[in-house]
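This report concerns only the one structure given below.
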Amino acid sequence: MKYAQYVFLASIFSAVEYSLAQTCAVDSFSVKDNFDPKRYAGKWYALAKKDPEGLFLQDNISAEYTVEEDGTMTASSKGRVKLFGFWVICADMAAQYTVPDPTTPAKMYMTYQGLASYLSSGGDNYWVIDTDYDNYAITYACRSLKEDGSCDDGYSLIFSRNPRGLPPAIQRIVRQKQEEICMSGQFQPVLQSGAC
């Protein structure tokens, strides 16, 4: 009986230790090592998203990334958005990316603008948490931090090269990465019907 109690207490201690070890401080999140923008370039389709506060693309989200000769990455993206609570339109956005620290090229700063006056413009951190370049990419942005360093208002997109989805083995990788950025269970599927 004493052995069973010992095993039970040891397993509880281990679980508590693990949960305390996992931090949601944004600065602790790992990003894609040796990120290569040229391999990342091309068309991506959003399959799932965690929205920030405010207006955000709703569905049929896609992005086409291009790397210029000087290494600058740009993107043109599309997606449907609901305006004024009832008007659903396809919106076009454009973005330019800069790398503040060349030692971590997966941590970029994105300056974006809506290509119509009623769409927002601004800038966000844009981190590529993980990608295999051929199938999936997980991006992350935190707009504001809490006092403890965790994200107060952020968003994330799960991209695929194929608008139809990801194979089960890659879905497992994506779920693990969602946990690592403290967003497990917060994603909504993104409809890809070809509307935009």
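Backbone N, Cα and C define each Cβ position, glycine as well.
Feature annotations, reproduced from Swiss-Prot:
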type: SIGNAL; residues: 1-21; note: signal peptide
type: DISULFID; residues: Cys24-Cys182; note: disulfide bond
type: DISULFID; residues: Cys90-Cys196; note: disulfide bond
type: DISULFID; residues: Cys142-Cys151; note: disulfide bond
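Within 10 Å of Cys182 (disulfide bond), counting CA to CA, the disulfide-bonded residues Cys90, Cys142, Cys196 contribute nothing. Taking only the Cα positions, the spacing between Cys196 (disulfide bond) and Cys24 (disulfide bond) is 35 angstrom. Around Cys182 (disulfide bond), a 10 Å sphere centred on its CB holds 17 further CB atoms from the protein chains shown. Neighbour counts of Cβ atoms within 10 Å were taken for the disulfide-bonded residues Cys24, Cys90, Cys142, Cys151, Cys196; the minimum is at Cys90.
When the C-alpha distances from Cys90 (disulfide bond) to the disulfide-bonded residues Cys24, Cys142, Cys151 are tabulated, the minimum falls on Cys142.
According to DSSP, Cys196 (disulfide bond) sits in a coil region rather than a helix or strand.
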